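The domain 'Flavodoxin-like' annotation in Swiss-Prot covers 4-190 and rests on sequence analysis. The FMN binding site feature in Swiss-Prot is assigned to 10-15, 78-80, 113-119, HIS134; the stated evidence is sequence analysis. Sequence annotations record features per position, and here Swiss-Prot assigns NAD(+) binding site to TYR12 based on sequence analysis. What Swiss-Prot lists as substrate binding site is TRP98. What Swiss-Prot records for 158-181 is region 'Disordered'. Marked as compositional bias 'Polar residues' by Swiss-Prot: 163-177.
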Amino acid sequence: MVKMLVLYYSAYGYMEQMAKAAAEGAREGGAEVTLKRVPELVPEEVAKASHYKIDQEVPIATPGELADYDAIIIGTATRYGMMASQMKNFLDQTGGLWAKGALINKVGSVMVSTATQHGGAELALISTQWQMQHHGMIIVPLSYAYREQMGNDVVRGGAPYGMTTTADGDGSRQPSAQELDGARFQGRRVAEITAKLHG
């Protein structure tokens, strides 16, 4: 059975919802899934004042454990067109894994959230994939296999590189049913492709 980690950073809970949906999809695809998050770097008093969702019950990951999985889906908030510093800080601690080649031929995939439709989602998806490629990971994107991302009648999440959601910091827009469905699709797709590669 494929062992998968869904690893995320979420300040306001939007990516937490997407990560849980991706984990559901991966389980539907036959994977044994672990859901974890990266540590918060913002001081607690600042996080509270900024209305961060600080009651997330999902356990915190350690960089060394990434080698324990066949596949890793990373979900991160986007800051100025890049992954959030919390996720970057976590991934920057994986140099020891890189030196050992511990993630070579593992499967990787990425999802992101932004506060606006033009908030740099595709840049964040691709730059996060770069980190995975430096580790020798095999990238499985959302791709246009997920057809529900097509059309512009409403705000739709998704890009060929990975699933996206647009959610306002004030909570007025949460991940939509279509965006959560896309996260489930991506999780299932990664599980099924990983099973073919590692099964």
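A Cβ is built for glycine as well, from the same backbone N, Cα and C atoms used for every other residue.
Bear in mind that the values here come from a model prediction, so they are computed numbers and not experimental data.
A map of Swiss-Prot features onto the structure.
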| residue | record | Cβ contacts under 8 Å, 6 or more apart |
| --- | --- | --- |
| SER10 | FMN binding site | GLU16, ALA19, ARG37, LYS53, GLN56, GLY75, ALA77, SER113 |
| TYR12 | NAD(+) binding site | HIS51, TYR52, LYS53, ALA77, ALA167, GLY169, GLY171 |
| GLY13 | FMN binding site | LYS53, GLN56 |
| THR78 | FMN binding site | ALA84, VAL112, SER113, THR114, ALA115, GLY119, GLY120, ALA121, ALA124 |
| TRP98 | substrate binding site | HIS134, HIS135 |
| THR116 | FMN binding site | THR166 |
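The predicted model assigns the domain 'Flavodoxin-like' (4-190) a mean pLDDT of 95. The number of other Cβ atoms within 10 Å of the Cβ belonging to GLY119 (FMN binding site), over all protein chains shown, comes to 18. Cβ-based neighbour count (10 Å, all protein chains) for SER113 (FMN binding site) stands at 31. For the region 'Disordered' (158-181), residue counts in helix, strand and coil come to 5 helix, 6 strand, 13 coil, using DSSP.
Under the three-state DSSP scheme, SER113 (FMN binding site) falls in the strand class.
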